[in-house]
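Q: Structure in structure tokens, see below.
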Amino acid sequence: MRNLLTKLPFKAMSDALRHFYRWQADWFVYLAMLAFMLGLIAAAALGFVVKLFPWLLVLVIVLLIISLFTRLPELLYLAFLLLGLLWGGIAAAQVASFSIPADEAVFFEGRVVEISSREENYFSQLAEYQNDGYSFVLQGKESRGWRGRIMVIASPVQPELGDRMQVSGIVREFSNTQNLNLPDSSYLTSRGISAMLQPTPDGLHFTKLAVKYSPLRLGKSLREEVYAAMQPLPALQQALLKGIGFGETGMLTNGQTSVLQQTGVMHVFAVSGLHIGYVVMLAGVVLEFIRRRLTLSYKFTLIGTALFILFFDCVVGFSPSVLRATVMLLAAFSGTLLLRPHAAARALIGAAFLLLLVRPFWLTQPGFILSFLATAGIVFTNDYWRMLVKNQALAVSFAAQAMTLPVVAYFFHVISFAGLIASPLIVLASGVVVILVLLAMLLTPFGLAFIPLAGAGLCAEGAYRLAEIFAAMPQAFQYTKSPGWGVILIYYLLLLAAYFILARLKYVKKHEEDRSGLQESSQ
């Protein structure tokens with residue numbers, strides 16, 4: 001394996017690494033994390049027998065010991081694969097352990113960990129029941145001893161994050177409708193939710209309120225104040241600002257959502273690395289100006305930027321994509337503070353591994369998959385696209401869309417050709433919107449939020465009108481059936497082969513440039 005790795009043209013992609021073994025260690029980490037993710041996928045696809053748990057655990061320990069004594073890192077890949085299978089199976093078994101049938105009464109006590117407002121309360125599983133109310137997720141214990149997460153639907157009151165509640169209600173059966181190409185049961189399972197509970201009249205009781213001035217509650221209050229400042233704006237601008245700035249798409253109509261999907265820019269409505277990147281840019285400019293004026297250490301800018309990211313997270317909420325981007329950037333900042341060089345690729349892989357340890361089912365969520373693949377495409381393949389496309393914005397767009405194309409087709413049944421050109425323009429406009437919304441957050445305590453929001457609304461509407469123009473073009477998009485796993489595998493193998501060839505060409509070109517430079521210096 002070591003000899004094989006040394007022959008591959010990865011050296012051109014790792015010039016920043018000083019020693020070969022350090023380079024090899026990085027690729028070991030990538031392959032080990034990939035093996036762990038494949039194990040999680042296998043656990044979700046093949047199922048898991050609880051009786052196999054002790055045998056798999058023993059096998060993982062044996063492989064680790066053999067690898068340690070024989071110095072064969074290849075065995076560690078198998079160990080991480082089995083560890084992913086084990087971890088995913090345990091999580092699946094815990095969610096599936098809820099055995100109370102539908103229409104049975106239950107008593108549940110727990111803490112509120114997720115909330116959906118009325119305009120967000122559009123999950124298809126509510127279609128068969130009363131949906132005039134709020135939905136939220138409780139994590140806690142059922143009266144018969146079961147522990148886990150349940151979704152409370154059609155609640156007459158909206159709790160706060162962190163509130164502790166007692167709920168008496170009826171277990172409801174999942175509907176047969178689809179959520180992003182997944183049945184409702186699979187979609188909710190991917191969020192770690194085991195059951196739906198509709199409370200009875202007077203079946204909700206608060207046992208302990210969340211801390212009044214917690215960061216999450218303060219962030220929610222600030223978000224609501226920004227929403228209030230949006231009220232004078234047209235409905236379309238409000239819907240776009242809530243989507244781009246806060247990731248809430250409940251005000252968008254089906255037609256507006258279709259336009260965004262057809263142009264391949266729906267990802268800007270999921271708060272993720274794009275938004276965090278603009279947060280870092282704005283915070284970096286402001287804090288760097290202060291640092292230079294006060295002649296402070298560079299750590300002032302890094303720590304201040306990290307705190308600003310956490311502030312933004314509290315305002316928009318800790319979605320999976322926000323958590324991924326936050327963990328990745330904070331890992332990068334930690335490496336800088338410790339004066340250790342870091343790579344974005346290493347931070348991305350580490351962030352994905354940590355998040356999947358906490359929430360294994362996120363690996364089956366479209367948002368997490370698309371966010372991770374798009375970022376991985378930019379981190380790993382942007383340099384190769386720059387060999388084909390000189391424009392940086394187009395190269396980033398192609399790198400992200402090439403990596404996510406089959407997944408978008410699988411979940412959303414649409415392939416956007418216009419998005420290859422429209423995406424860089426609309427993403428740029430969305431970046432301006434995000435920065436203006438951030439300024440509105442900072443100006444809200446002074447009553448001046450409407451000033452940047454007015455500009456953000458015009459910019460957001462302009463971006464949407466541009467998306468409409470691209471969507472109306474002939475052959476701008478193509479509806480398709482969900483590709484099979486075999487088709488997806490072949491696509492990624494062909495994509496890998498193409499990048500392999502480009503890496504080889506880049507390596508040869510660099511080698512020739514180095515040789516010509518040596519010849520010129522010798523002359």
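Just so it is clear, glycine is given a Cβ too, placed from its N, Cα and C backbone atoms.
Unlike curated records, TrEMBL annotations are generated automatically.
According to TrEMBL, the protein has these features:
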type     : residues : note
DOMAIN   : 53-197   : domain 'DUF4131'
DOMAIN   : 246-503  : domain 'ComEC/Rec2-related protein'
TRANSMEM : 27-46    : transmembrane segment
TRANSMEM : 52-69    : transmembrane segment
TRANSMEM : 76-96    : transmembrane segment
TRANSMEM : 264-287  : transmembrane segment
TRANSMEM : 294-312  : transmembrane segment
TRANSMEM : 368-385  : transmembrane segment
TRANSMEM : 392-412  : transmembrane segment
TRANSMEM : 418-439  : transmembrane segment
TRANSMEM : 446-464  : transmembrane segment
TRANSMEM : 484-502  : transmembrane segment
Q: Which residues, given as numbers and ranges, are at least 6 beyond the ends of the transmembrane segment (264-287) yet have a Cβ under 8 Å from it?
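A: Tertiary neighbours of the transmembrane segment (264-287) are 243-244, 246-247, 249, 252, 257, 300-301, 304-305, 308-309, 312, 316-317, 319, 321-322, 324-326, 328-329, 367, 370-371, 374-375, 401, 408, 412, 416, 418-420, 422-423, 426-427, 430-431, 434-435, 438-439, 467, 477.
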Q: Considering pairs 6 or more residues apart, do the transmembrane segment (418-439) and the transmembrane segment (368-385) have at least three CB pairs under 8 Å?
A: no
Q: So which residues does the transmembrane segment (27-46) touch in its own chain, when a touch means Cβ under 8 Å and the partner is 6 or more beyond its ends?
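A: Answer is 5, 10, 73, 76-78, 80-89, 91-92, 345-346, 349-350, 352-353, 356, 360-361, 363-364.
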